[in-house]
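Beneath this line is the structure, given in structure tokens, with notes to follow.
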Amino acid sequence: MGVEGCTKCIKYLLFVFNFVFWLAGGVILGVALWLRHDPQTTSLLYLELGNKPAPNTFYVGIYILIAVGAVMMFVGFLGCYGAIQESQCLLGTFFTCLVILFACEVAAGIWGFVNKDQIAKDVKQFYDQALQQAVVDDDANNAKAVVKTFHETLNCCGSNTLTALSTSVLKNNLCPSDTTVINALWKDDCHKKIDELFSGKLYLIGIAAIVVAVIMIFEMILSMVLCCGIRNSSVY
């Protein structure tokens with residue numbers, strides 16, 4: 001197979017990879033929008049305790065994911081068009097965009113890894129402050145509303161078995177409606193539920209980031225090979 005034949009094979013292979021990349025961008029954008037408007041997270045992270053809003057660190061990662069998905073769709077389209085047209089200029093621009101996008105994804109991955117435990121920790125601290133106010137102060141209606149939202153959304157009660165029991169006995173209107181003194185002992189505490197909520201979503205984001213990173217590496221290699229192939233074929 002000659003240089004021209006190899007160039008055509010790489011061109012169509014790159015087109016397929018770019019089409020997959022474009023689809024992946026659409027999927028990531030859709031997942032990010034779903035995470036942004038997920039009823040569980042929005043009902044918890046839109047709460048306010050007095051003048052203090054719930055921690056919104058989680059949404060920083062979501063906004064980054066939305067931006068990455070949108071840029072991926074644009075870059076994927078640019079790569080498809082550049083591959084079909086065999087344009088060195090478009091392919092060079094595509095490669096540059098990929099490098100920038102890859103660097104941003106690595107930076108976002110490092111940020112997510114550093115903050116993965118902090119996100120749940122901040123939310124748990126916010127919940128504990130509201131729970132303490134709700135149990136101690138009978139007139140803390142705002143704190144009671146925050147605690148009840150956590151309990152109903154996550155189907156939990158208290159931050160440990162003792163707190164769950166005391167909350168059920170002394171403030172039985174704070175726990176989910178089906179909670180009694182007996183089943184309060186067996187109901188999951190809210191710290192555990194908060195960990196499960198955010199760890200599951202961060203795990204999903206991590207898988208998506210790894211898949212996209214692998215695709216980007218292959219596309220950077222193919223785009224450079226195709227550029228070299230186009231340059232060599234033009235010489236002959």
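Yeah, the Cβs are placed from backbone N, Cα and C, and that goes for glycine too.
Whatever TrEMBL says is automated annotation, not expert-curated.
Marked as disulfide bond by TrEMBL: C156-C190 (among others). Its own atom aside, the Cβ of C156 (disulfide bond) has 23 Cβ atoms within 10 angstroms in the protein chains shown.
Annotation source TrEMBL lists disulfide bond at C157-C175 (among others).
Sequence annotations record features per position, and here TrEMBL assigns transmembrane segment to 12-35 (among others).
Long-range Cβ contacts of the transmembrane segment (56-84) within its own chain (Cβ-Cβ under 8 Å, at least 6 residues beyond either end) map to 11-12, 14-15, 17-19, 21-33, 35-36, 41, 45, 90-91, 93-94, 97-98, 101, 104-105, 108, 111-112, 115, 118-119, 122-123, 198, 201-202, 205, 208, 212, 219, 223, 226. Among the features that TrEMBL reports, transmembrane segment is placed at 56-84 (among others).
Sequence-remote contacts of a segment are chain residues at least 6 beyond its ends whose Cβ falls under 8 Å from one of its Cβ atoms, and for the transmembrane segment (90-114) they are 61, 64-65, 68, 71-72, 75, 78-79, 81-83, 202, 205-206, 209, 212-213, 216-217, 219-220, 223-224, 226-227, 230. Annotation source TrEMBL lists transmembrane segment at 90-114 (among others).
Long-range contacts of the transmembrane segment (202-226) within its own chain (CB-CB distance under 8 A, at least 6 residues past either end) are made by residues 7, 10-11, 13-14, 17-18, 20-21, 24, 27-28, 31, 35, 61, 65, 68, 72, 79, 82-83, 86, 91, 94-95, 98-99, 101-102, 105-106, 108-109, 112, 116, 119. Annotation comment: TrEMBL describes 202-226 (among others) as transmembrane segment.
The two recorded residues C156 (disulfide bond) and C175 (disulfide bond) have their Cα atoms spaced 7 Å from each other. Taking the disulfide-bonded residues C157, C175, C190 in turn, the residue surrounded by the fewest other Cβ atoms inside 10 Å of its Cβ turns out to be C175. On a Cα basis, C157 (disulfide bond) lies 6 Å away from C190 (disulfide bond).
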